[in-house]
Each structure stands twice: as structure tokens, then as C-alpha cells.
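Q: Here you go, one structure.
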Amino acid sequence: MPRRTPSARRSPFGSRLLGPRDQAPRALRIRIQVLLTVMLMATHVIGAVVVWAVSTWAVPTPPPRGAMLVALAIGVPAYVLFAVVVVTIWGTTSALRSLRWATQPDVDPDAAQRLKALRVPFSLTAAQFVMWMGATVLFTLLAVALQPERALATGLTVGIGAVVVSGVSYLLTEFSLRPIAARALSDVRVTERMRGVGIGSRMIIFWVVGTGAPLVGLVIAAALSFAPGEDQPSLTQMAVVTIVLCVIVLVFGFLLTVLNARALTTPVIAVRDALREVEQGEFDADLVVYDGTEIGQLQSGFNSMVQGLQERELIRDLFGRHVGKEVAAAAAALGAGEVELGGETRTCSVLFVDLVGSTTYATAHSAAEVVAVLNRFFGVVVDEVDRHEGLVNKFMGDAVLAIFGAPVEHHDHAASALAAARSMAVRLAAEVTEVGAGIGVATGQVVAGNVGHEQRFEYTVIGDAVNSASRLTDLAKDVPGGVLAAWDSVQAAADAGSPEAGHWVEHGETTLRGRTTPTLLAVPREPGTSGGPAR
């Protein structure tokens with residue numbers, strides 16, 4: 001079943017409306033221009049309709065009459081048309097012109113450009129607020145001149161509309177400009193809030209816009225009902241006022257709460273999905289940082305954490321390649337800064353392999369050719385040792401020392417070493433034809449552990465089995481098939497119940513250099529046959 005793509009990868013900016021992360025600069029500019037213009041226009045039109053509805057039905061004042069009605073019929077559409085078409089389009093175009101660097105390829109912004117990009121929502125919101133405050137002053141003065149009893153209600157309702165529309169405009173502008181903010185914050189570690197409106201301030205804006213402003217309108221309506229005059233609102237009128245304002249609170253409060261929830265939960269969900277990827281060992285997760293507030297700190301902090309994990313994983317991989325995964329795991333199991341020099345005595349099997357005629361080959365060929373042969377030789381050796389659950393402990397010139405049964409316990413280490421030796425001999429004969437090789441296997445007690453100094457040490461094994469394997473390797477170079485093992489290894493495999501012992505036969509005995517007692521030898525029953533992993 002194909003793996004589901006996390007939402008952070010599908011919608012890096014929190015919404016498909018904002019497009020993919022790697023969209024073309026021209027497409028990005030057009031997308032943002034359209035989004036900003038449409039959203040801001042819709043906000044102003046809806047705001048104007050709501051203000052008209054509130055001032056007509058929800059405020060207990062006389063309806064517009066005579067010259068005031070004519071002035072509103074002409075002035076409101078004209079002002080809305082001017083404000084929406086001229087101010088909105090001009091404002092968005094000017095803002096994008098100042099952000100031209102963000103819609104051009106391969107342009108790195110400086111600190112001033114980054115800060116300006118993060119402040120664009122403020123600039124556009126300020127322009128919308130000024131426009132609405134201009135409407136507040138204009139229509140309040142018209143009411144004072146033509147119908148004074150409507151002046152207070154007009155000023156208050158349009159003023160509240162200015163707050164509501166400006167708040168919504170800020171939120172929509174910030175949403176639309178996320179791709180620009182992401183480019184401004186690319187390659188920047190967000191360690192502190194880079195602009196004024198954080199999560200706390202944003203929550204206050206949502207409350208003021210969705211709840212506070214309509215409730216202020218309700219309070220104003222109640223206060224106006226106590227004003228002296230002939231046109232006192234009836235109980236029915238006050239009920240209508242209350243119902244209209246409560247509906248506005250419910251509708252706008254719900255919509256703004258949804259916007260608030262999405263604004264806060266979308267990046268958190270993206271972090272959660274990315275964390276799941278990291279838990280599964282996928283350290284290539286990368287979040288788009290598109291916010292200069294605490295949300296941006298969370299996104300940037302996650303990316304820094306993943307970068308650290310990538311570096312640690314790289315070091316662990318390199319460490320494992322240098323010393324072997326088992327040794328690396330054993331070292332990682334120690335506490336931070338702990339170094340355990342010395343070792344423990346255990347029974348294991350040792351495989352030693354050495355090239356035959358490598359010196360002669362090196363004198364007749366270039367250094368590059370010699371290195372190529374060595375790499376193919378080492379590749380076969382490492383592959384077979386790993387396949388049989390052993391550890392390549394050392395590369396010594398053109399020789400290799402491998403261990404079976406340390407540092408990880410292996411109940412059938414002898415059989416694994418013998419099977420690896422047989423398979424290795426077959427592959428070397430077929431894949432590294434330029435030179436020959438001798439392979440020796442011995443089993444016995446060794447001391448396995450860290451040897452050296454606290455500042456520089458290595459994991460190794462020391463003991464008679466290591467020396468015996470080295471001596472057997474020299475003798476194996478003169479044996480058909482190039483493989484020679486101590487009979488003790490075959491016996492250990494037989495004692496463990498492994499069928500690998502059946503692939504070996506006795507091959508006389510000899511007294512190895514440095515020893516006083518003879519060693520019984522063994523060779524593969526059928527030289528040139530490979531052995532699979534021992535069971």
C-alpha cells in the first residue's frame with residue numbers, strides 16, 4: 001500500500017490555496033495578487049453590508065430621511081467603490097512591488113527586506129483601517145449636517161465596522177502572504193518573535209473582532225435607548241436589536257473561531273506529522289517556516305532539531321562504517337563521556353584473509369589499478385562477513401581481520417565463520433581474478449574490548465585464536481581453494497548442531513609458528529563451493 005503523503009508535504013503553507021513550495025515566481029506573484037485582492041474586496045463589501053444592516057435595524061435611531069437618505073444612497077456606493085477598487089488594488093500592487101525580490105528566482109533578501117516582508121500585513125491593514133476611519137468621519141459629518149440624531153449611531157457603527165474589517169483584513173493578508181514570509185524566513189533561525197503580533201495578541205484580535213466589537217454595539221444600542229427624545233425604541237425594537245447583534249456575534253464569532261483554530265492547529269499538525277516521520281527514522285522532514293511569531297519559532301526549532309538528528313545519524317553511520325555497527329552500538333550504549341578500556345574473555349571465531357601476490361601485482365600496475373583491485377577484494381570480504389553476521393575488525397594493508405561472536409554474542413559463531421570462509425573463497429576466485437587470497441579460520445578464547453588511551457582507542461580482539469588464524473592464512477595460500485581452518489572450529493560448529501560442520505574434512509596437522517603442540521587442520525570438503533548463512 002503506498003505511503004500516505006503527510007499534509008505538511010501536500011500543503012506546506014497550511015492551505016492548497018497558497019500553492020506548492022516550489023511554485024514558479026510568476027505563478028506565485030499572480031496567486032498572491034489574486035488572493036489578496038479578492039479576499040480584501042470581499043471583506044470590505046461584507047463589512048459595508050453588515051454596517052448598513054446594523055445601523056438600519058440594530059441601532060435604535062430614526063431611519064435616514066430626506067437629504068440624508070439621498071446622501072447615503074450616493075455616498076456609500078461611491079465610497080465603497082473608491083475604497084475597494086482603488087485602495088485595495090493599489091495597496092496590494094504596491095505591496096507586491098516592494099516584495100519583488102520574493103517573486104524572482106535566486107534572490108537572497110537582506111535583513112531589511114526580510115523585516116519589511118513580515119510587516120506587509122501591518123501596512124496593508126493600516127491602509128484599510130485609515131480608509132474605514134475616513135468613512136467614519138465622512139458619514140458622521142454628513143449625519144451631523146443633514147440628520148443630527150443619527151450622528152452618534154453612524155459614527156459608532158462605522159467605527160466598530162472599521163475595527164472588525166481591519167482585524168479580518170489583517171488575518172487574511174497574513175494568510176495570503178505566507179509564501180512571501182516563507183521566503184523571507186528561509187535559511188533564518190527564528191529564535192525570537194520577529195514582529196509584534198504573537199499568538200496572544202492574535203487571540204485578542206480574534207476576540208475583539210468576533211465578540212468584543214458586536215457586544216460594544218449592543219451596549220451602545222442599550223445606551224441610546226435611554227437618550228431623551230420623542231423616538232424612544234419600543235420593547236419590540238430592542239428585541240430586534242438584541243437578536244440582530246446576537247446573530248452577528250454567533251456567526252462572526254464562529255467563523256473567526258474557525259479561522260483562529262486553523263491558524264493555530266495547521267502548523268501544529270504539520271509539526272506532529274513531521275515528528276511521526278522522524279519517529280519512523282525519516283530524517284529528511286523539513287517544515288516551511290512562514291510565521292515570525294511563536295509558531296515560526298516552533299517550525300524553525302523543529303527544523304533545527306531535524307538538522308541535528310541528520311548530523312548525528314551521519315556521524316553514527318560514518319562511525320559504524322569505520323568500526324562496525326556492532327562496535328558503534330556498544331559504544332553508544334555507554335553513558336556520555338564514558339570510556340571503558342580493557343575487555344572481557346569470551347570464546348569466538350576469527351577469520352583472517354590476506355592477498356597472495358599483491359606486491360608483484362602492485363609493481364606491474366598503476367596505483368589506480370591496485371586500489372581498484374583492493375576495493376573489489378575488500379567489497380567481497382565485507383559483504384560475506386556481514387552476510388554471516390560477523391564484524392570486520394581491521395583492514396591491515398591488503399589483509400582483513402574479521403570476528404564472529406564479539407562484541408555481540410553469537411551461539412553459532414564457528415559455523416558462521418566457516419561458512420563465510422567458503423563463500424568468500426568462491427567469490428574471490430570469480431570476482432578478483434588478478435590476485436589470489438588465503439583464508440584462515442580459528443576458534444578459541446580471546447580478550448575482546450577497547451585497547452588504547454581514553455583519547456584514542458579501538459575495539460579489537462587479542463588471543464591465541466587471532467594468532468592461529470593469521471598463521472593458517474599463510475598456510476592456506478598453498479592449499480587448493482585457499483581456505484584452511486583449525487579443526488577446533490569445525491568441532492565447535494558440530495557441537496552447536498550446525499550442518500556447516502559436514503562441509504569440512506580433516507587435512508592433516510601442523511605445528512603453527514609460536515606453538516609447541518600440533519594443530520589439526522580442516523579444508524572444505526568440496527573446494528570451490530559456497531556456503532550460505534549458518535543456521
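Our numbering is plain: 1 for the first residue shown, then up by one each step along the chain.
Glycine residues also receive a Cβ, built from the backbone N, Cα and C atoms like all the rest.
In case it's useful when we look at the structure, here is the feature table from TrEMBL:
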type	residues	note
DOMAIN	262-314	domain 'HAMP'
DOMAIN	349-473	domain 'Guanylate cyclase'
REGION	1-20	region 'Disordered'
TRANSMEM	34-54	transmembrane segment
TRANSMEM	66-90	transmembrane segment
TRANSMEM	122-146	transmembrane segment
TRANSMEM	152-173	transmembrane segment
TRANSMEM	204-226	transmembrane segment
TRANSMEM	238-259	transmembrane segment
Q: Should anything in the same chain at least six residues away from the transmembrane segment (122-146) have a Cβ under 8 Å from its Cβ atoms, list it; otherwise answer none.
A: 36, 40, 44, 47, 66-68, 71-72, 75-76, 79, 83, 87-88, 91-92, 95, 154-155, 158-159, 161-162, 165-166, 169-170, 173, 195-196
Q: So what pLDDT does the domain 'HAMP' (262-314) average out to?
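A: Summarising the domain 'HAMP' (262-314) by its mean pLDDT gives 82.
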Q: Taking the transmembrane segment (152-173) as reference, which of 34-54, 66-90, 204-226, 238-259 has the most Cβ pairs under 8 angstroms?
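A: Comparing 34-54, 66-90, 204-226, 238-259: 34-54 has the most Cβ pairs near the transmembrane segment (152-173).
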Q: When DSSP states are grouped into helix, strand and coil, how many residues of the domain 'Guanylate cyclase' (349-473) land in each?
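A: Across the domain 'Guanylate cyclase' (349-473), the residues distribute as 57 helix, 45 strand, 23 coil.
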